[in-house]
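Participant: The structure under discussion is supplied below as structure tokens; questions concerning it will follow.
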Amino acid sequence: MGGCWFLCAVLVQLSGPLQVVLAGTNPLSCGLGFTHCKQDSECVLYNHVCDGKPDCKDGSDEEDCALECNTDQFQCAHGKKCLPKDQMCDGVTQCQDRSDEMHCTERTDDCVHHCDSKSRCLPANLICDGERDCLDGTDESSCEDQEEDAYEKEEGAKATSVPTSSVGSPMPIKCPLGSKPCKDNTECVLYNHVCDGEADCRDGSDEKECISACETDQFQCAHGKKCIAQGQVCDGVPQCQDRSDELGCAKLMEGCMHQCDNKSRCIPSSFLCDGDRDCVDGSDEQNCVDEGCSATELQCANGQCVSATMLCDGHPDCLDRSDEESCSDAPVCTTKHRCPQSKECLVQEWFCDGDQDCKDGTDEKDCPVAPVNCGEFQWSCTSKTKCIPISWRCDRMKDCDDGSDETECRVVTCLPHQFQCGSQECLDPSLVCNGITNCVDGSDEGGSCQISCAEADNEHCSQSCYSTPQGTRCGCEAGFQFTADGRTCADIDECEGRSPGVCSQLCINNQGSYQCDCHPGYVKEADGHRCKITGEPFLLSSVQTDLFSFGLHSRSLDVLSSSAKKAILSLDYDWRKQRVYWVSLDAESIRWSSLDQKTTGTLIKGVRADSIAVDWLGRNLYWIDGVNSQIVAVRLSTATVESLDHSVILDEDLEQPRSLALLPQKGLMFWTEIGAVVKIERAGMDGSERKAVVNSSLGWPGGVAVDTISDRVYWTDERLRAIGSATLDGDDIRILQMKETTNPFSLALFNDMLYWSDAKKRVVLAAHKTSGKNCQVLLKRLRQPFGVKVIHPLLQMGIDSPCENMDCSHMCVLAPGPKAVCKCPSGLLLAEDGLTCSSLVNSAFLLMLSPSTVTQIYLQSRHTAGELKGWPEHVALQVPSVNEAAIMDYCLRDHTLFLTDDGTTSLSSFKVKDSDLSSKGQLLKLLGNAITAMALDWVTLNIYWSSNKQPRLQVTSSTGAHTAVLIKEGIGRVRSIALHPPNGRVCFANMGQQGTSTVATVECANMDGTGRSVVYKDAVQPTSLVFSSNGDTIYWADIGLGTICSVKLDGSGYRELKTGDGLVAVALSDGALLWITVSDKTRLWYRDEQRQNKLWFEVDSEVISLKAFSKSSQIGSNECTENNGNCQHLCLATPRGRICKCAHDHILVNSTKCSPEQRCPSGSRPCLDQFQCQPVEKFCNGHVDCYDHSDENCVHLKPLSKAIVPAPIQPRSSFPRPSTLTPLSGDTGLNTTLNVNGQLSNLDVQQCSERRCSGNGHCVETNGKPACVCSLAYRGESCQDHLLKTMKGPIVYAAAGLCAVVVLIAVMAVVVRRKKSANQRRARPVALKETSMIDLENKAETGVENKAKTSVENGTSADGENGAETCTQTVPADTDKPEEAASSVD
């Protein structure tokens, strides 16, 4: 009866088309068990109603279905069908998905053992029968114990109840339903095990008398000789033991509309008539009807649809060129070239590019054939006319025109189960020694073929044995390979490290084989290896200012609305909002266009973006800010937002980020870096877990994209003229270098294909993403294409957003996983709840120094999370023109940062404003020397420092004008300096020498160098010294011991904290210790209130040093606070007050005033070590003359020149040049002689020097007015006062007169020399020179009398500037002019 119903159902289904035709004439009469569809056009079985799959074309069989079943009903797993509960597990399937008969536990008469998640139940005779009947193998587990128990019972039974006469004559057995007795009547066997290829009866009778071939209406199982009815094939119930009757069946998935290939495949409606043959029988592309184009489109002669605006535009957009035919007027070409006969517009790059652009073919005629130079990742054909990727060499496909890429290939290796001929062919073992020659050289026959495999051979071979001309050999079946012993066969995992030809998406390994599968939303192609997506994908491309949408199946071409006036370089889309986001060169904003071509708008204003990417899962948009070297994000809002609403995701150590791609499914982002070190980096979309994934095989990586199918990152490389790819971790780097990839700009991935734009050739191309083959031109326009993306809803679906469960006050971003993390805009910090952004409560912060970046982190954010795998909320400050920063200090009052740079061996200062650093210039420039320690006296702004060549504790005024040596005896190398100005104390780490060993001590002294004492003598490598807030204790990091140490300044109370290896630096903030360790990561630790060591965060960035600042930092005063303590040169605090100290070549004439010390001959000056005198012209001449290199301790000055020399034009990415600095306030108003950056005619120098400077000095221009730099022994506004004027007597006057004559002669000689030098400078570019600190000291001395006048001009008091009030340094107005200074001032 069931068969009749099935036959009726089939006939009704087959009559469907006829019923549709006749529906309009007679009412449709449905048979028993059927019901009408809504439109009476067809009938459907009752058990197909509300089964979750529409069977009526109008879908009415799935309408008005109950959402939930009653309590006494069962709901089918697929669909909404409800059944009475008594129909469950009744042996009759009512649900189409058979869920009503699954997991049934009701025991039948022969049901003994449930298995396979209770989906099967076996009788007792199948338990422990040596054959695995359950997929989970439980029917054959624990069999040894059962056998022992059975043996004991059997022995007992023999002794008591079995008659002797019955032994040897077994009684006939009665088999349960579904089984039959074996021939010897000793056991039963299931009917579906009969003739299945495996003997289940001990006498083997279940495999005897089996027919060798099945009838035409039957199906033969792959394993054995079992035949089943054809109707049982692909019915969802396996009848064959090997389940071969259910393999290769089409899944009746949602959207299945067309069955083909003998019902082995079912494809969705989007596959029908799409131009691709998806069925082997081709039925999906038959009887296709042209659907026509929309009102805004033009239909080409071949049926293709293109935008109506492309009609007669001078370029063929239809594949058949019909849009450019029958045009009344020749098009107006914006290019220089056009086809001579067919009149199409051309660009130069299209000539001889292998693609015919002119209908008459003239663009591809008479093309020269020249030898080519192949790239690093290419192979040259023998003809020298073509280069192919290296991977194409010997791939069994001829790619060279001369076929040379498939010659001289290595020996072909046969599959493990095959026999290899001497002539290299591969044969199945059954063809060897079969009496027929199959190898070209006959090596498969003869020899020892007569020797057959003996029983012993079969026993030691795990699978098979066969004869060969070399004797017997073990064999493996297809899909297996030999293990090391050469006899045992093991499965080959075809999915491990598979080649592209195995599976395009998912690969499932089976014993002896494998199976391909597809990601959700894809359908397996007829070949069983490739997958195809449902629905049509579109390629989105920006072509100059236009946005093009190209159908990858239909080849349709449309233009979206765009308000761009200049090129659109980057784009992305959001499927949920149906928007395309883009940035162009003409606006500081990120804008959007709707996919329906109707509206445009602006997402955010006031930003510059180089590359954008949409986070469709977390609902944010990311972009690269190349100017500020940042990766930034903003929420996807319906209204326009301001630039202040964005959050900085990453700003650490970003030099020149170029392009950005997101992988929201994993919470990752990738970007290309084209700075000094080119690389491709990866991080979480919250900026955490950053790492460089590719840093080799790169030239100039531009665009970047992620392939979600293969989990690989792809990039374009304009220098290598290639497209590269690697795994998401940077492994398995592959470079695809073809003639079509000579100028790749942007790229996108979709399924098996790779798409990229070539702005130079003005094309968008596609090729297979792995091999690069099947390359084709998709778009070819007269204007340049840039950004490309593939649009399909499936690419932005399939996962729930973690942000949906986070109630962030401002922005939720994705972290690796993906996980959800809250982020705050600049100026706000994340509260302890991890959700709310709040204003700053605790102003204490850290400064962390990297080679080119200073990172500010507020300590308030320490309590918002546990151990972070990345930076907490922070501000990264890129240091202009510094790549090897070494030591830093900071002035809190006006936010001035002081940095030493090992790359330029200099000390510079920078103004901190918002999130930017602006250079204020170099304070000190050394030559052949490097600063080893530096600290700022924040009261006077004096700099305490030491260097390699000057291993002393010395101090320099804030302008660099005055330097004094404080301590020089017993110092080997100063490694770190700490100051406490309120107490007048200084401590330093001294790396001294004792014989051949290094002795490290921590020493302290007064800030004038007196009162020196060793406070700790057993250190190993002390560094990072820092005072406690009250100044009575010094802390340091001993990186040799891995300990943080502290001791009181009197040497008592030594304490230490063990931190482990990798300790780099320590900081102290309001009594709380923080420190850095470096190993595989850079980690920041802190000591909590319970005195436990806690990890705050870890990053990959290199961190050199650490400083902490709070409200209690840099408070207090000393006697140097007011007017520099009335000291002319240096005011140095002591515990009891202060002392005034002069520069190294001056002496105190009273307690505050300084006078030059006449220890060197006229025209020369002492070195800083006081051991040598050198001529003044040797100071800052670019050559080291003093033993301690102090003649090259220089600061920058402006040139003396007749005309203003224009500043060189700097590129946008460069930073400002270091500026010439005027004195800081701590130098008591000596601005007159230090700000020598005026412009004075060289021709007037001599005349001015003679008249205005009384012949006793040199003229310079200061603040637009001439001023004098007096020679030795003279001072005053006009150099009129002689230092010896108080001496009387003819001898003194005679000596003075003689000195004046000598000086005058020297002045005239210098003037003549400078005149000559000035003439030479007119003939060559202006060069940068420097003047020494000693020059400035002498100049400063001559300007004491002019202090009041100059101070007024500079806006300061006549008494000098208050160094305790500000750290500001005045930058001259003309700091953008080239710098040059005389080598000496006489």
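Yeah, the Cβs are placed from backbone N, Cα and C, and that goes for glycine too.
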Participant: When TrEMBL marks a stretch as region 'Disordered', which of 145-165, 1111-1131, 1216-1236 is it?
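Facilitator: My reading of TrEMBL: the region 'Disordered' range is 145-165.
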Participant: State the disulphide partner of Cys300 as given in TrEMBL, choosing from Cys273, Cys279, Cys312, Cys318.
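Facilitator: Recorded partner, per TrEMBL: Cys318.
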Participant: On the 0 to 100 scale, where does the mean pLDDT of the repeat 'LDL-receptor class B' (667-710) fall?
Facilitator: 94
Participant: How about long-range neighbours of the repeat 'LDL-receptor class B' (667-710): same chain, 6 or more residues beyond its ends, C-beta under 8 Å?
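Facilitator: For the repeat 'LDL-receptor class B' (667-710), the far contacts come to 504-505, 519, 611, 613, 615, 618, 622, 624, 631, 633, 649-650, 652, 654-661, 716-720, 722, 724-726, 728-730, 733, 735, 744-749, 751, 756, 769, 795, 813-819, 821, 823, 868-871, 883, 1099-1101.
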Participant: Do any residues of this chain, six or more beyond the ends of the repeat 'LDL-receptor class B' (711-753), have a C-beta under 8 angstroms from a C-beta of it, and if so which?
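Facilitator: Residues 375-378, 386-391, 504, 522, 530-533, 537, 539, 552, 570, 659, 661, 663, 666, 668, 670, 672, 680, 682, 692-694, 696-705, 759-761, 765-770, 772, 775, 785-790, 792, 795 contact the repeat 'LDL-receptor class B' (711-753) from elsewhere in the chain.
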Participant: Fill in the CA-CA distance, Cys195 (disulfide bond) to Cys89 (disulfide bond), as an integer in Å.
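Facilitator: It is 29 Å, counting Cα to Cα.
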Participant: By Cβ count within 10 Å, point out the most packed of the disulfide-bonded residues listed: Cys195, Cys352.
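Facilitator: Answer returned by the neighbour count: Cys195.
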Participant: C-alpha of Cys210 (disulfide bond) to C-alpha of Cys89 (disulfide bond): distance in Å?
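Facilitator: Their Cα atoms are separated by 34 Å.
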Participant: Below 8 Å Cβ to Cβ and six or more residues apart, same chain only. Which residues does that give for Cys345 (disulfide bond)?
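Facilitator: Sequence-distant Cβ neighbours: Gly314, His315, Pro331, Cys333, Thr334, Thr335, His337, Arg338, Leu782.
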Participant: Using only C-alpha positions, which one of Cys50, Cys89, Cys421 is spatially nearest Cys293 (disulfide bond)? These are the disulfide-bonded residues in the record.
Facilitator: Cys50
Participant: Looking only at C-alpha atoms, tell me how far Cys318 (disulfide bond) is from Cys327 (disulfide bond), rounded to the nearest Å.
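Facilitator: If we compare the Cα positions of Cys318 (disulfide bond) and Cys327 (disulfide bond), the gap is 14 Å.
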Participant: Give me the non-local Cβ neighbours of Cys421 (disulfide bond): same chain, 6+ apart in sequence, Cβ-Cβ under 8 Å, ordered along the sequence.
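Facilitator: Spatial neighbours, sequence-distant, of Cys421 (disulfide bond): Leu427, Asn438, Cys439, Val440, Asp441, Ser443, Asp444.
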Participant: Could you tell me the C-alpha distance between Cys300 (disulfide bond) and Cys312 (disulfide bond) in angstrom, no decimals?
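Facilitator: Cys312 (disulfide bond) has its Cα 12 Å from the Cα of Cys300 (disulfide bond).
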Participant: Considering Cα atoms only, can you say which of Cys65, Cys273, Cys305, Cys327 is the nearest neighbour of Cys89 (disulfide bond) among these disulfide-bonded residues?
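Facilitator: Nearest listed residue in space: Cys65.
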Participant: When neighbour density is defined as the number of other C-beta atoms within 10 angstroms of a residue's C-beta, which of the disulfide-bonded residues Cys293, Cys300 has the lowest density?
Facilitator: Cys293
Participant: In sequence order, which residues at least six apart in the same chain have a CB under 8 Å from the CB of Cys327 (disulfide bond)?
Facilitator: Leu311, Cys312
